[in-house]
């Protein structure tokens, strides 16, 4: 091992050496980035540093200069991190700005007055979200997520592809100074001066959602608050987290947190002052088991010779200016470098091979620790790390993401070739025939093989047609329609059908390759397979009532009885694009599922939001940090502020809701009248100026009726389904749920007026074609009529309907015209609503 320190390997400018706060090595191990008090990010060549450390003669003096020096920050650079895919470099500063850098492959001349730089890095994104210094940055192992933490107590999650802000957590009560990702891509952990470490679990099925898995307090109860950073590290096998600035009694230590149980049974004790940083070596090592005696028996030596186990190595450093290397097989450090720097150590970084360790300090020095081959142990291949992570459901392919446009083009080209190959192979035989009749089909296919004929040969009678005539199940063609005689599956013939194979002989005598018409295999063999009397959808009976459309469903249920007229009509409704056929329904949007959905925001609307099919403008409040509701007149004005504690993506996480409940604040005439906390996510709200109450609907189907002074007027109402819009009229409250049901209550009398009135009869009253449900209209608005205590609905197609409770149905409201003819009077009398509703 060698400890190397170069005088030029620092942030030196105008006879001053600046403190260095951060260091990181690129995934390919060729570059190392540093940042410090001078506000610059410097990129150095690792190969040049290794060559200089080896003392090679003839080394160019230009190698003593950084490859690039970027100065876009207006404050000190506190953290830099390369993305695991190597495409980006993220940097954070005390100017509260997060910059995303990318290397420009084009050659650019150096600016006036600057030294010639070998690389040019440009800012691709400038992200502003923190309210104070950014202290640490970490990327997900697949580069899909970026997390930043800072002195504003916030944890901000960014999209690693487009760098949009996904979520902001303000769960810590003090400065957040460290963050690290799980190598298995399941968790990330943060360390804060509130003397806690929080483990966040994230799910990437569809929309990314986050939950707080565990809050760890015990190792940090007496943790000092004097460190600049709390840079923690996760072991490469995913089993342990090393957290600096912990305590074990009165002694400073580094806590080792076990995965899953999240307890701390191991502490690394040895530093005289609080530690700032801990870094696991990215490689796992094999080491021989120590022999107890030097003169042991040969049998014992043979047994222990091949007995190897995996070990991980961790480096710790901090304010005592010392560096310690620990290994999992020993209780004491294997190496300690005292006073390796003159001031506190701020950051460390291993290269991907695990044989070089970079250490930065406040004395503006950068120290390199270079280890010889197998000095730390025998490193296992990098694939061995993935094998260790398999226990957590991780494989190498789970980290594969499109890295560039060229990769997407190559994948598209491969997919096109694959389709062509499948199309050419499908002309020989069908996969279903092979599965049903493997032996008989092999015999028959030999007789159906078609080879190119000579120009002198004639095409007369084909063998498959003769076989077809010999079949017991004859195909009878009558009036241009085909019929298949019903046959039991036990007595079905074994000859393969060739009705879909057409061969055309050209004038030159050559035979064109048979063209296999692309049909549904189930249609072809439906005569042989038993089917239920009522067609059951492939996705289940529940899809019949949910209105879920499945492409090709009609063709599946019509069976094999398809004639030329049906084929012509089907072909007229098909549009060919890139070799595939799409029906008229394929060009429309998919149907909406009538199920509860966890996303109810206007800005994140998806096709499976059921309420969108019913109502044009919903009453769902926005998924923002604070929503303001207003009610009343100018003289008597009321406001209600709603602060949901969690986002809609985790609205059903009870633990997160109890940790961060929804806060409700009410104001009247400049005074706060309401302050309440509800462990539910509020999605809709409305106020009544007459009865002076607020109606708040939650994501789990509850409705809270609270007065303007915060009292709960009636027990909360449980509908079991989300409310998408509320309307207040006098003392009455009318709501529409996501399943299209109306409910109405008289809040003053505390009784129900309307319940379970479905909107579907007037929405889905158009003729249904086949098995598809098509909704082309929605509700423009609805209102409550106080005189008759009923509901009136106005659709977007300028038609209005009224609910008649005594009839138990809807009635369309016709416009009244002046009576001129007797026939018109008769028509109006027949179509109008009964006399007691004539006021409408």
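Cβ atoms here come from the backbone N, Cα and C positions, even for glycine.
Per Swiss-Prot, the feature repeat 'WD 1' maps to 15-54. Residues 2, 4, 6, 9, 63-64, 66-71, 73-86, 89, 91, 93, 101, 119, 121, 228, 343, 346-353, 356, 358-366, 368, 370 of the same chain lie 6+ residues outside the repeat 'WD 1' (15-54) yet bring a C-beta within less than 8 angstroms of a C-beta in it.
Beyond the repeat 'WD 2' (72-111), the same-chain residues lying 6 or more positions past its ends with a Cβ under 8 Å from any Cβ of the stretch are 19, 21-28, 31, 33-41, 117, 119-143, 146, 148, 150, 158, 160, 163, 347, 399, 401, 403. Annotation source Swiss-Prot lists repeat 'WD 2' at 72-111.
Annotation comment: Swiss-Prot describes 129-168 as repeat 'WD 3'. Mean pLDDT for the repeat 'WD 3' (129-168) in the predicted structure: 94.
Annotated repeat 'WD 4' per Swiss-Prot: 171-210, in sequence order.
If you look up Swiss-Prot, you'll see 224-267 marked as repeat 'WD 5'.
Here Swiss-Prot flags 292-336 as repeat 'WD 6'.
Residues 1-6, 9-12, 17-25, 27-29, 32, 34, 36, 46, 49-50, 53, 79, 228-229, 231, 276-277, 279-287, 308, 310-311, 313, 315, 317-319, 321-323, 327 of the same chain lie 6+ residues outside the repeat 'WD 7' (340-381) yet bring a C-beta within less than 8 angstroms of a C-beta in it. Under the heading repeat 'WD 7', Swiss-Prot lists 340-381.
Away from its own ends, the repeat 'WD 4' (171-210) comes close to residues 135-142, 144-145, 147-151, 153-155, 157, 216-217, 219-221, 223, 225, 227-238, 241, 243-245, 257, 259, 262, 385, 389, 392-394, 398-399, 599, 604, 649-650, 659-660 of its chain (Cβ-Cβ under 8 Å, at least six residues beyond either end).
When DSSP labels each residue, the repeat 'WD 3' (129-168) comes out as 0 helix, 21 strand, 19 coil, counted as helix, strand and coil in that order.
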